[in-house]
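Record features, source TrEMBL:
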- A:T148, A:K170, A:T181, A:E261, A:N380, A:S385: substrate binding site (BINDING)
- A:T181: active site, nucleophile (ACT_SITE)
2 protein chains.
Amino acid sequence: MSVTAPQGFEAAGVAAGLKSTGKPDVAVVVNRGPRKVGAAVFTSNRAKANPIIWSQQVILDRTVEAIVLNSGGANCFTGSFGFQTTHQTAEKAAELLGVAAGDILVCSTGLIGTGDEAFRAKVLDGTEQAIAALSADGGDDAAHAIMTTDSVAKTALVEREGWSIGGMAKGAGMLAPGLATMLVVITTDADLEAIEADTALRAATGKTFDRLDSDGCMSTNDQVTLLVSGASGVKPDLEEFTAALTELSDQLAAQLQGDAEGASHDITIRVANAVTEQDAVEVGRSVARNNLFKAAIFGNDPNWGRVLAAIGTTSAQFDPYDVDVWMNGVRVCSKGGPDRPREDVDLAPRATDLLIDLQVGDAEATIRTNDLTHDYVHENSAYSS
Amino acid sequence: MSVTAPQGFEAAGVAAGLKSTGKPDVAVVVNRGPRKVGAAVFTSNRAKANPIIWSQQVILDRTVEAIVLNSGGANCFTGSFGFQTTHQTAEKAAELLGVAAGDILVCSTGLIGTGDEAFRAKVLDGTEQAIAALSADGGDDAAHAIMTTDSVAKTALVEREGWSIGGMAKGAGMLAPGLATMLVVITTDADLEAIEADTALRAATGKTFDRLDSDGCMSTNDQVTLLVSGASGVKPDLEEFTAALTELSDQLAAQLQGDAEGASHDITIRVANAVTEQDAVEVGRSVARNNLFKAAIFGNDPNWGRVLAAIGTTSAQFDPYDVDVWMNGVRVCSKGGPDRPREDVDLAPRATDLLIDLQVGDAEATIRTNDLTHDYVHENSAYSS
């Protein structure tokens, strides 16, 4: 169901030949209203793909009629020709839907540098096909059409009294903050003002997608979009809506983590008792990006020394001789020295919990990451992406 | 010859049982003068090993009689017992050499958390053995005794009219800035004031060891030490000495890069035409730490999109549509778009040249790194280190 679970949305996913496998590669999600509110957050990478440059303009007036997404090519670093392709995609969709091109968001994902004439023709053709195929239960088709190296389609649904939030996501590598490399479309039939939608989206992504750091690499094409139809007629409290949106975003973030390229462990790094939340995030991210720690977890080695070495590179407040480190419930380091023997830690399960207790304050944060494996290297060396 | 090539130094390397293989694991280098000048730079990791904490105090008066180094255990996060081990090591060496313990530097390398009573006994015994074995041609033995996962001993010698600089290094992973994970001892018989030695060492390491970033991971035990005997009686110009020291440091850095754990490519990243040298370093380091780029090079894939995506995460001044990227002499990206076909690039050789032309200024910097390989993951997951 995903993005078509809430009332007021139609979607479709079709195969336009962008993927060499012949699988679906163009998706469209349309907001039938009555509200046409959109909010979005974008990659903080300064090398931005053409669809990002376009969508950042579209979102300024917070009115969005539809979003067109393609896999099979990032349309990034494809120059003015590539930007025209994005522009023409929006115009094609607008013409067929009878709305303004300036209210059409566009997202692309795939190999950087892909965006030639053949690409343009296929994207435009796919947009036309998808709009012809729009339906109120097209959410799953859309979720499949945005997949790249994803092994499964990622969707989520959170239901509340009289309204709901649906979402779809793609992403399986290059997951890092500022966003992860992901495309996410979230829809809701809750009745929200544009400013409320924007506030809720920034709060939810800040605690979820922004704290997923699979491999430290930041994409050029990331976008998380929230579309609001208001079709339920229910006006939830902003705090209640933000909580529900955070819950849904966390579910999608966990699915992205669980499908990260080549990973054999999903590592949840909880940093507790920091002086500030910012310190906790910095410490968690530093450990999440430490290749030696990540390789050790792949090898089922509870190597707390590598954790402390990573903490030492941060500017967070801490005393090395007051830090405790727990792995899967076993305290392997207490006050900066060895504690329980490494043999006591069972790292065989995919789910891995790392708890870093800084013992200097009461702020905390959780960062999700993965291990560094042979398969990660294989997937990112054997194929261009 | 390494550290005993310059006049005024003796060295030794012995096996004290710290390495399970029975190979040499304790080294001593002694300065016989007439000068007893020492200069050192240390890891910027805030989680510092006990020998670092000790050596930072010793170096304050810029007088150093000798340096004791062990492999087979990092003596990091081993608490006050570990610090006492370092202290006793210095006292043992001082007693046997008839000098003050406060003039003895100590370095350790190996697994973090290793530093129990057995470790202490072996280090003290090894120190005694090594001092008994000191000789004017013991440099190579010392270079072997500091190896950990290194596949070869690393030494270098730069000779000038009447004076010379010799060096030994160990390091094969966890190579990152602020220093790489390395222990380096450099000796010279040039006649330098303490302040000159310090100035030259900081200048040389800033351009060489600090720009070696194998895997982005910063060690807790790094130390680069320069010992000055003045035995040649020749007082070189500071600029001339700094140039020679930089040349020697660059040779050792290249050897460290060439022996990085599991690497199949030595990647030299030259960032040209940046506005400032700092921008050039930031850009080069960002690319050097990008796992996706590093995995692509392992796969012989000249993936310039991953280079631009990495540049985009920096704060350097650049325009994505003015950047050129060259790999092994082939311009694969010009003005932020595709140029020569990827098939034209031959990435089979181990030596890999990446040139990033930012086209916004005239500053430049070179960063050395390695690719991300199956063997890197294997070596860092299968064994604790």
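Each residue, glycine too, has its Cβ placed from N, Cα and C.
Reduced to three states, the DSSP call for A:K170 (substrate binding site) is strand.
Annotation for the binding-site residues A:T148, A:N380: lowest Cβ count within 10 Å of the residue's own Cβ, A:T148. Listed binding-site residues (A:T148, A:K170, A:E261, A:N380) with a CB under 8 Å from any chain B CB: A:N380. All chains included, 25 other C-beta atoms sit within 10 angstroms of the C-beta of A:E261 (substrate binding site). Secondary structure at A:T148 (substrate binding site), taken from DSSP and collapsed to helix, strand or coil, is coil. Secondary structure at A:E261 (substrate binding site), as computed by DSSP, is coil.
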